[in-house]
Amino acid sequence: MIKILADDRIPFVSELFGDFGELILKPGAHIQNRDLLAVNALLTRSITSVDSALLEGTAVEFVGSATAGFDHIDSTWLKKQSIHWAYAPGANATAVAEYVLHCVAYLHKKNLLPRKSATAAIIGVGHVGCVVSDRLRKIGFTVFHNDPPRAQLEKDFISVPLASLANVDLVCLHTPLVKTGNFPTYHLIDNRFLKMLKPGSVLLNAGRGAVIDNNALLQCDHVITCLDVWENESTVNLQLLEKTTIATPHIAGYSKQAKLRATLMIYDAFLKYFHLSDTRRFSELQQLQETMTLNIQDGRNAEDILLTLFDPGRESQRMREALAENPDQFEYLRRHFPLRNEFSAIQLTPTPSALLRKELDDWGFK
């Protein structure tokens, strides 16, 4: 019998993994080495550091992380120990891209970003960056890419140098956090880059907090800042928080569909590793597959609809108020943040006009 220990916040972990052995659920922040001594499979999220301190001397042979990144996993050590591991790359790509669109809609409403002839730079064009690029193009942005490692691997990929991005209207960061090698991203956005950006340009980080030197950003007064990730999370620089136009607690990828996607990806890896058959209970997963109905009123445009679904300005104010009262509330806010529905899961009623339908199609509603 397989013994499985899982983070209790992984959606549908009981329904998917409960048939395969003994399943133990525990908060990810409280998982310790002694919990894993007789455990064969560990299912976790980014809140748990998976390294020698956690796994040394345990029976763990499979690690599944329901996350799009793996900064929290010591993959080198796991490989040396012949511990198989899997994660969920790209599971949250649509959710993050739609978070960016919500921010764009908010910035449009505040006249902080041009609606016509706007330009954007995507720094880090992997799973998420590709989707963000595609979605921005569909609403009229001219998009430039910066991803030197990808350009080195793909001869047809054009990576625009950072120094050529001084005049773009929107800079979106979607790189992993890399501290070594030929293409480090730690503090990639530094004082020099920030000074280069034109006044009024928007810097949006929904990747990794330490890709921006937050102290340099604190001294930067000519750029509009939108941050979902923060250097030294879960501690947030309160001075920087007050300067941001949009501030959220690392929730850009938080959609119901992204969470389910991530769980299913590690579920498939688990089945493959242990040579098991799929027993997923579709009826019990149905609620995350159903559409949400949203009533739209006459005269509304696509941006109004986006901001009805998720308003970054309102959420930013909520975060500021919460952290002003208690600076240690970041993880609480993140843990209890309501999951959004992706646009594909939203049914609009009554049927939009042909003009609004075209506008909604451009923004990604189908």
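Along the chain as shown, residues are numbered 1 onward.
Keep in mind that glycine also has a Cβ here, set from the backbone N, Cα and C atoms.
Swiss-Prot lists D147, T175, G253 as NAD(+)-binding residues, and of the candidates D213, D221, D228 the one it assigns to that same site is D228. Record check, Swiss-Prot: substrate site residues include T67, Y254, and the candidate from S46, S49, S234 also listed there is S46. Long-range C-beta contacts of H250 (active site, proton donor), restricted to its own chain and to partners at least six residues apart, with a cutoff below 8 Å, comprise D228, V229, W230, E233, R334. A separation of roughly 12 Å, to the nearest angstrom, links the Cα atoms of R208 (active site) and G253 (NAD(+) binding site). Around G253 (NAD(+) binding site), the same-chain residues six or more apart in sequence whose CB sits under 8 Å from its CB are A68, A91, N92, A95, V96, Y99, A206, listed in sequence order.
Among the binding-site residues S46, T67, T175, the residue whose Cβ has the fewest other Cβ atoms within 10 Å is S46. Here the Cβ of Y254 (substrate binding site) has 21 other Cβ atoms within 10 Å, regardless of which shown protein chain they belong to.
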